[in-house]
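A.B. asks: Handing you a structure now.
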Amino acid sequence: MAARGGGGRTIRVLNVAEKPSVAKTVSGILSNNQGLRMREGRSRYNKIFEFNYTIQGQPCQMMFTSVTGHLMEIEFEGRYRKWHSCDPVDLFEAPIQKHVPEDKLDIRRTLEEEARKCQWLVLWLDCDREGENIAFEVVEVCSSVNSQLNIWRAHFSSLIDREIHQAVQQLTRPNQLFSDAVDVRQEIDLRIGASFTRFQTMLLKDAFVFNFPTDGRNLVLSYGPCQFPTLGFVVERYWEIQAHEPEEFWKIQCSHTTDEGTANFNWMRGHLFDYTCAVLLYEMCVQEPIATVTKVRQQEKLKYPPHPLNTIELEKRASRYFRMSSEKTMKVAEDLYQSGFISYPRTETDSFSTRTDLHILVQEQQAHPVWGPYAQRLLDPSSGLWRNPSNGGHDDKAHPPIHPTKFSPGESGWSEDHKKLYELVVRHYLACVSQPAVGAETTVEIDIAGEMFSALGRTIVAKNYLEVYRFESWGGSLIPNYTFGQQFTPTSLTLDSGITRPPPLLSESDLLDCMDKAGIGTDATMHDHIKKLTDRFYATKEASHFKPTNLGEALVMGYDDMGYELWKPYLRSMMEEDMKAVSVGNKRKDDVLATCLQQMKACFLDARVNKVKLFQALEIFFDRTNRTGGDDQHNHGQLVRRCDVCHDSDLVLRKKPDGKFMIGCSAYPQCRNVIWLPGSISEAVVTQTVCNTCTPGPVFKIEFTFRRLEIPPGFSVHHLGCVGGCDDVMRQLMEMSGSGHRNSSTTPARGRGVTAPSRNNSQPNQQQQPQRQQQQQQQATCSFCHQTGHSSSDCYSLTSQNRSARSQRANSNNGDSPLPCTTCGSPCVLKTANTESNRGRKFYSCQSQGCKFFVCWEDSIPTTRGGGSRSATTTSRRGGRGGGQDGGNGRFVSATGDPVSGRSCFICGDPSHFANACPNRGMRN
DNA sequence: GCAAGGTC
């Protein structure tokens, strides 16, 4: 702190904290609870504490009050607030104002009244970017009534006496850059959120039949840079599950039982997808079933207690242990915090400060009837149970990890959820300061006919923290004693089949994990974003797992089909990087704002041009209403020819709202036959001239006018063209611009198809390209939004090049041979496997949505066995021990061609089944 | 009727 106050005269200092509890605690610490007075402010929650204090020799009369988080909000100016007052694209530039909302006016009044009386303002907001921004909001309010205020910032990371005294003696100036970063975030969030939300709501809400229970409220199809990536995680997992093709695998299981117990030996190959190979190896084991012990290893293993608890871990664990939603968890935690039983529940910190008195917290818990005795042992040095907690590596510099602050055996007013959550916080804390559990592990490896197997036995030597942390367990199993070189005959040796399973739907804990890793939301808001998915009817939660609704899936699909990754976390991650750059002065606030908004506006305009993708995606799931939902591009047009797809309606020429032309079927959406025309057309009129070549006729020719600079030299600006297929000029221009014919009447939209987005419609001609590319490289021009200074890979509105989920969906539809599904009876298709062990092998799979059942391998069908797609020399994964089927008589052969076994069961010889289904399989002593 | 971030 460089400046001093008013010499020896007592000055009045207004201190402002981010929340009432901090104002109270800091006042208590600084005053040492001596001469501390409290009086009411204008807001019933935000009291004012008064006491005397000396800052660097300067006697001060301290006034300490608080806000409750942000004091201000940003909003569009009045004339832009009504949804129909402007085009949503205008929201990228509409004037924005920051104001104190109605429910914070009383806090503002308190600040104004106190600031008028003071010479200094000391800001005690949380020490993060948001806290710095709130600090500037407080400064704005206070300075407006007292421009002479001397403004200071106190830095503290926990509410510990020494740190607070130190903070007030080392005041600095507030950091404008930190605050700027938050201003940028707020403005981008508002402009993107409001524009896209209005756009997609007004476009789709009335165009489809949605039967969501909105309780009389308007249906809002919101978009937000946090809620959409959260939805994206849910949809992506769902697509992964749908794209999963079950595959059968085989593994050899061995067990050995003695008086000392049972050892289950696992095949060290894991499992094989090649049945023949597995059978051959199994057969060798059966023929030479003596096991030889090749390794016995004994070692001590430790299982460590968890790190101290932060918000995300609290939410994840409450979800896992109690199936409590993150929203509920935070509500209950807030209650417990408000009533003083646990510490502040919104914290990223998972390590305790070295100055925290950890023992006091345990002492309080000694009285508890259930975990009290454990707390007593923990405090007894002779038990050796105490261990200083580990460091999780996160520190928000504002709050300690979540820990119990007051003992309770359970309050009468507590719900079951309150009891569970308090217990979790206490047990977690006690676990953190306990020794790890100790186990003795024995690993035994055996060899049967050259195949290796291993078994693990564990005995728990000391449970330690597991005694109190009942939510975790550590399975122990006794196995017999073995010695190196020992031989024995297994009790059972079986060839078991299994089938690969898709991953499960995302649990709340998984979803929080995804968001945490991708930086979506903050610890205080993540549960809000999750709840928003269900509030907006984008996802449902069933048995603690999230599944997208048709609406959620369709919206993501629509943007994905446009090629945008608005539903992926990258946009938020890039914004977060820019915020960091602003906060350390590496980028200017105005530059980041301008660049980001320019790019997002380009993305918005492009999305609007391609809105048909959203329609197509929603049409897969919902019926259309008679209302257009603002989409009028399919209403009128000039007749070009009879539709060559539905043969029932006409193909008509239309001009789209963006000025570009297309030819589509008048029966849209029942028929989605469409011809996209080059973007270089400035005018197009259907003439009465009929093409003499194209059939079936009549096909009316069109008088086109092209923009000179957008067509190659040698092409005429005026052209009487035919779109029936005979016209080379049109064909060439269409190819150059990536436009052309598409029949989408039978295929739901997936991927770009031939519909080139408008940005590609004015490609330079061949001669111009090298020069243009060079210019682009020199200027680093984004090929998407056409702004300089970044490439398309750095564009906020990233286009999707890597569409794994969609390509999987597309690839899964490569079959052509019908066969009824054994599960649902729907027709199946023949597909080609793409896994390492079965690449190229054909199989039948059900095509019915929601079934997707793997039916069988093509070569396992009896009538086709002789000519199966696998060759007789299929090699196993075991080098020289290859084996397979011969091509003709269906017998197994070894790599040398010697017959090994017939196609009948090699265990009992019955031709009606194979060994894996044999009732006698396995070998018993 | 829209975002996300604070907190009560």
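Placement of Cβ uses the backbone N, Cα and C atoms for every residue, glycine included.
Grabbed the feature section from TrEMBL, which reads as follows:
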type     : residues  : note
COMPBIAS : A:757-774 : compositional bias 'Low complexity'
COMPBIAS : A:881-890 : compositional bias 'Gly residues'
DOMAIN   : A:12-157  : domain 'Toprim'
DOMAIN   : A:175-605 : domain 'Topo IA-type catalytic'
DOMAIN   : A:821-861 : domain 'GRF-type'
DOMAIN   : A:905-920 : domain 'CCHC-type'
REGION   : A:388-411 : region 'Disordered'
REGION   : A:737-774 : region 'Disordered'
REGION   : A:796-816 : region 'Disordered'
REGION   : A:863-894 : region 'Disordered'
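Mind mapping these onto the model and telling me what they sit next to?
C.D. replies: Mean pLDDT for the domain 'GRF-type' (A:821-861) in this predicted model: 52.
Here the region 'Disordered' (A:388-411) has Cβ contacts under 8 Å with residues 126-128, 131, 157-158, 304-305, 307-311, 314, 333, 339-353, 356, 358, 361, 364-365, 367-369, 418-419, 422, 425-426, 428-429, 432-433 of the same chain, all six or more residues outside its ends.
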A.B. asks: DSSP says what for the region 'Disordered' (A:388-411): how many helix, strand, coil residues?
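C.D. replies: Breakdown, helix to coil: 0 helix, 2 strand, 22 coil.
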A.B. asks: Going by DSSP assignments with H, G and I as helix and E and B as strand, what are the residue counts for the domain 'Toprim' (A:12-157)?
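C.D. replies: Counts, helix then strand then coil: 52 helix, 43 strand, 51 coil.
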